């Protein structure tokens, strides 16, 4: 046991020296961060491989320049980060560190379909060029660009692949990542991010799909582990959704690295997807939610799912070479591990109390939600503007997301908006938040550490294995030693017995001397027996010589076996067989020795029987006694030689066993070589797979080239459209400059007219003669008219210079519309049109008589600008039901229908068509619109071929057909549709294949509503419109329109036949 402990201590000492050599080969730049463990191994050192992807590295902080940094004990992180990100143009899509922002529009809900069906969507999506248009009014809109634009029909899988999958792949590679959803309450954030979809895989949100990919990677590689924690920020307190008893959890920040952590959170190791479903279900059950007017399950807290991914780096798998031996371990000999973190954030939606209808405790919740979102918006603004102070400590939400915006994580933000125009302000705020976030560029870092824990465990396992092997060898040696001692004792006992026999022989010889006389008669017989014994000894000597020859042959065979190493397996069997033969021969030799001893005993017995005769012949046979003593000595020497040969044979057997062990070790080395050949074959197979992948990649590349050519063609078309748009803008800019020059001339004339009026006023104050009294009334009227014009011009000048439109009052602006000065009229109408674009001003304009004034102006004026602007103002006012009554009562429909003959300006006709389309959405005016030729006017305007005019006409037809169908289904109307009498069905059928998606949708909707009236079936058959209904039921882009068309075909027997 003492030798075993010494061997174990020797092994541990060698392991200790190996660990010291590892410490000597560590990078010399970070000695301060290393500490010794029980085996004197260096502690776990973080290697933050800072990968700077920014194209402007000179503006980066100097602290991030090196890939391995040593944290000094005196270094402390400032509370306010300085220049943590770079604000840059978000058109640079090649920067992987920039925050990626996507936008998703949810479908209209039932309430919006019911109340906003007559109006166009607030936003217009252009996913093919990744742009979104936000409508300000009927003729103005703003365009914004995003990284991805998803329509209301986009699937959950497509949203995940466009928004989250690149971030998840980066997390698997060792980078931190953040996926966050931001938007107004009720726009689908929780559906996009946190939808579980356990029964329907297509409905799964980003959380489930991200964990599904991470777990798939963990199952394919045993070195990957996935752990999660699930928190909620409720009223500025952090709560654990997996352990509800943990509330008001604190946030810790590392003073050296600035890393934010929540040590009190529950961390769960995820085994598979079903396990994650159970954990996520527990968290969703504990999350705060409430019912509001805008959302039946409105989230009242910010939910943060943190996923910790740990991946051990396999040096052999990465480099394709064998790892170095422990005696020469350096940096590459130490196993490495990559640790990354993924944050999936489902923010609570911002809301306005007057729209959400919250009260009581819900108001307090809404205050905290809005405060935390405001703090987040301040941080985004500061980062986007490159501010030196980032207010991350204003809220716990901004502290938790410190690494996501301006930090080292890859961040992907998806903003969700609604299509309704009622939430114009909220939608605009959400879009601007996303635009500012796109200007933020993070410094992406790869976090890779030495896995000293794994190395220590591996070395301890090796030490234990070597200790056990030493103990086993020690026990084996002790057992062999005991066996040899046992054999030695047996040999000693055998020699002792031989000595006793020799002593007994001496006594017997003495007795034989006395009996020598008696043996003389039988001397000849004894001599013959001695000769026979001599022959037997010669035979034994020959056998011993033959045994020596066999041993020499064995040595020669051993030398020959060293020359034939390729046949080691067969040679080992031969050696084992020969060793068995040698053992058998040794046993045979032992048996012969025993036989010889037995013969000696028999001879001694014969001598004892003849003692009396020998005693009688003692004196005469002295010579015979001497020869007998020599024979005894000869036998004893032969026995000693046989014992020595036996020991030599035992030594040879031990050497043969040692050679057998060496051959077994050589066989094991050959097995290792065979394993390396198997690995080579596996590498060849992998190379073949890579070649196949290369061929498939070449095919995909050709496909991408074809797509690229198509995109170039589309780009050329878009370029032509942009050039046309630039020409239009230049023309409008030229017109605006002309108007500004005219306005400056008008101001100059106004000032001159004021000077003339003042001079005339001075003259009037002078005394007048009798001759001038008769002309006084006429001069007073002329003076009053000039004074009125100058006052109106002065008023408009102040409006233009000081922007006092709202402070002046609607009534006074409407009074200026009746001015005789054309420029004053134009400016006043523009002011009224801008006011009418806001819903809050429409009621006031109607009450002050704005509708009558605008209709009068349209009827009397011949100026194209006044007609265009006034028509736009009437179109905006036609959205209000009270304004619609006034317009129809004043004959506005007939007046607008006659505008076709009055002007051919496309913009004016588009405004007129929009006004008539809005009037078509009121059930009370259907018959009156028909009588006043409003439908006929719409169809006439459609003949212009302008796309915008056709879009308004299609919307008016859809509104008219929907209202008419509603009356028929409610039993208030019967008979053929009024639209068919004006030939609208033929126009709808011929334009049903128009390129514009929104226009095509309105035409399809109008055809479906007309087909619901059975009285229109004959006209549908006559014009061939039934075929269009069949096409709509199959090819329409809208699910509700397809379902309506299928329902019509099933319910109407005339269509089915």
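Note: Cβ is positioned from N, Cα and C throughout, glycine not excepted.
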Pick from 691-740, 741-790, 791-840: which range has region 'Disordered' per TrEMBL?
741-790
What are the DSSP helix/strand/coil residue counts across the repeat 'ARM' (808-850)?
34 helix, 0 strand, 9 coil
Sequence gap of 6 or more, C-beta under 8 Å: which same-chain residues meet both conditions with respect to residue 183 (ATP binding site)?
189, 347, 349, 350, 415, 416, 417, 430
Please give me the CB contact count at 10 A for residue 187 (ATP binding site), counting all chains in the structure.
26
Quick one: average pLDDT across the coiled coil (456-606), no decimals.
78
Apart from 183, 184, 185, 186, 187, 188, 189, 190, which residues in this chain have a Cβ no more than 8 Å from the mean position of the Cβ atoms of those residues at the ATP site?
106, 181, 295, 349, 416, 418
Residues near residue 184 (ATP binding site) by Cβ (under 8 Å) yet at least 6 apart in sequence within the same chain, in sequence order, are 349, 350, 351, 416, 417, 418, 423, 426, 427, 430
